[in-house]
Amino acid sequence: MGWKETAEPVLTRMPSVERPEGHVPFKRKLAWTAGILVMYFFLTNITMFGLATGGAGGDFYGRFRSILAGSSGSILQLGIGPIVTASIVLQLLGGADLLGLDTDDPRDQVLYQGLQKLLVVVMICLTGLPMVFAGNYLPVNSQLASQLGIGVFGLKTVLFAQMFVGAVLILFMDEVISKWGVGSGIGLFIIAGVSQQLVAGLFAVPALGTQVTGFFPAWYGIITGGIQLDPFIQSLLFDPGNILALFTTVLIFSIVVYTESVRVEIPLSHARVKGARGRFPVKLIYASVLPMILVRALQANIQFLGQILNNYVNLPAFIGVYSQGQPVSGLFYYLAPIQSRADWMWFSGAFTVSAEPWQIIIRVLVDLTFMIIGGAIFAVFWVETTGMGPESTAQQIQNSGMQIPGFRKNPQVIEKVMERYIPQVTVIGGALVGALAVLANMLGTLGGVSGTGLLLTVSITYKLYEEIAEEQLMEMHPMMRQMFGSD
Amino acid sequence: MSSGQNSGGLMSSAGLVRYFDAEDRNAIRIDPKTVVAFGLLFGILVLILGFAF
């Protein structure tokens with residue numbers, strides 16, 4: 001038990017947002033949530049001081065942006081990236097049970113929370129420092145540097161300091177929402193970004209100065225004859241008709257909403273109160289879509305590593321060949337996820353695809369394998385670390401005084417029954433979601449939202465809706481509050 | 001609830017960061033209003049710096 005005692009003085013002193021005392025009325029919860037959201041949008045629109053005009057030389061996160069939130073060149077440049085990366089490390093350590101922390105023990109809970117924060121700060125430095133100091137992703141205004149007399153290095157430090165403060169702010173904004181608002185901040189920031197893209201994909205009018213033409217304005221043009229469909233099939237399916245994108249988007253929406261209701265229900269009855277019955281649902285997407293973000297972030301981190309290595313050393317061809325900052329062949333090319341149709345539709349003629357068909361097929365297969373196996377593994381870890389595993393749920397059912405009819409009232413017995421369902425359902429669900437994310441990326445979605453982003457948004461919104469419904473129920477029936485014990 | 005889960009007895013829809021009820025007495029507590037105020041002031045400061053130079 002060495003590391004706990006050593007780290008305790010640091011981990012227990014990590015600053016945290018105060019918990020509300022007593023019940024927070026639903027309206028005030030909504031106000032906090034909305035307030036933080038407005039603040040988030042405000043901060044994403046502030047360009048970092050000292051950045052060269054013309055902004056960042058291409059978004060460092062690229063297409064990963066939609067799941068990592070934030071905005072390139074703004075003080076929220078890092079978005080939730082560091083939080084996600086820190087979470088990956090924690091999941092892996094926790095899932096493999098290397099931490100030795102028992103999350104039911106109050107003292108270990110404090111340590112876990114502290115460790116979480118410390119890891120985020122470490123990750124801010126690990127991703128932020130190379131972003132500013134390596135390569136030319138965030139060029140500084142050299143004129144300003146000499147004007148201030150601090151030199152380019154000094155100004156880069158100022159740039160990093162702003163990014164650091166922004167990233168720490170996101171962490172605390174999430175904590176405020178988790179404790180005082182509805183849902184989680186991270187979920188909210190992801191929905192905010194994806195919804196923005198989605199709305200733009202539907203309604204953006206070029207006359208208002210947007211770069212894309214939305215689905216509805218495009219079809220208005222097609223019907224009134226302003227936009228020609230030539231060649232017919234191709235432009236109907238892809239730009240500007242975008243029928244395929246509409247189809248994928250609607251498909252993902254319906255699949256997620258449908259699978260939310262697919263579940264194995266384990267009947268429960270109360271030991272003392274005859275007739276009081278309940279069910280314990282084991283949902284198909286039991287672990288939710290959230291672990292998916294971890295798999296994607298892992299891929300994102302591999303790509304960052306490739307870009308940074310490429311900047312410093314001459315990589316051998318089999319590791320990675322880069323052209324304009326993108327891998328075009330070698331290991332890093334195959335490890336890069338398929339992000340859009342232009343990445344693989346070599347046969348359609350609508351896109352200029354430089355890679356050979358066999359290279360593309362390998363890349364698609366690698367991406368699919370990564371997402372399906374990664375999705376399943378992270379789902380299993382997620383279930384374990386968030387207390388949704390057979391052991392913890394058995395304990396929960398036992399504590400609530402319920403039992404499975406026909407079985408002895410004993411946590412070990414309930415656990416045995418749970419073990420028949422939870423692991424299998426988790427693995428299947430995780431793999432399914434992984435495959436779905438790749439499919440959505442390959443077919444393309446409205447507004448160019450990434451498949452994972454769309455999946456996350458739909459399921460987070462669904463969860464949020466459930467949570468709001470639960471809140472309202474408790475608001476109307478104060479008795480329920482005692483039952484759910486969230487006072 | 002005996003188990004200190006953040007969203008009560010229901011299956012938790014926990015975000016990526018988990019918060020528990022337990023808190024150490026040594027920990028530095030921040031008022032949520034401070035977070036908002038700091039964020040806004042910081043944003044305005046960066047904006048002003050951007051205009052000033």
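Cβ coordinates come from backbone N, Cα and C, glycine included.
For A:30-54, A:75-94, A:114-138, A:150-173, A:185-205, A:241-259, A:280-298, A:360-383, A:421-440, the entry in TrEMBL reads transmembrane segment. Under the heading domain 'Translocon Sec61/SecY plug', TrEMBL lists A:40-73.
Under 8 Å from some Cβ of the transmembrane segment (A:421-440) lie the Cβ atoms of residues 248, 252, 255, 259, 264, 266, 282-287, 289, 291-292, 295-296, 337-338, 364, 367-368, 371-380, 383, 388-390, 393, 450-452, 454-455, all in the same chain and six or more residues away from its ends. In the predicted structure, the domain 'Translocon Sec61/SecY plug' (A:40-73) carries a mean pLDDT of 81.
Each residue in the domain 'Translocon Sec61/SecY plug' (A:40-73) gets a DSSP state, and the totals come to 12 helix, 2 strand, 20 coil.
Remote same-chain partners of the transmembrane segment (A:150-173), defined as residues 6 or more beyond its termini with a Cβ less than 8 Å from a stretch Cβ, comprise 17, 36, 39-40, 43, 48-51, 69-70, 74-83, 117, 120-121, 124-125, 128-129, 131-133, 138, 140-142, 144, 185, 189.
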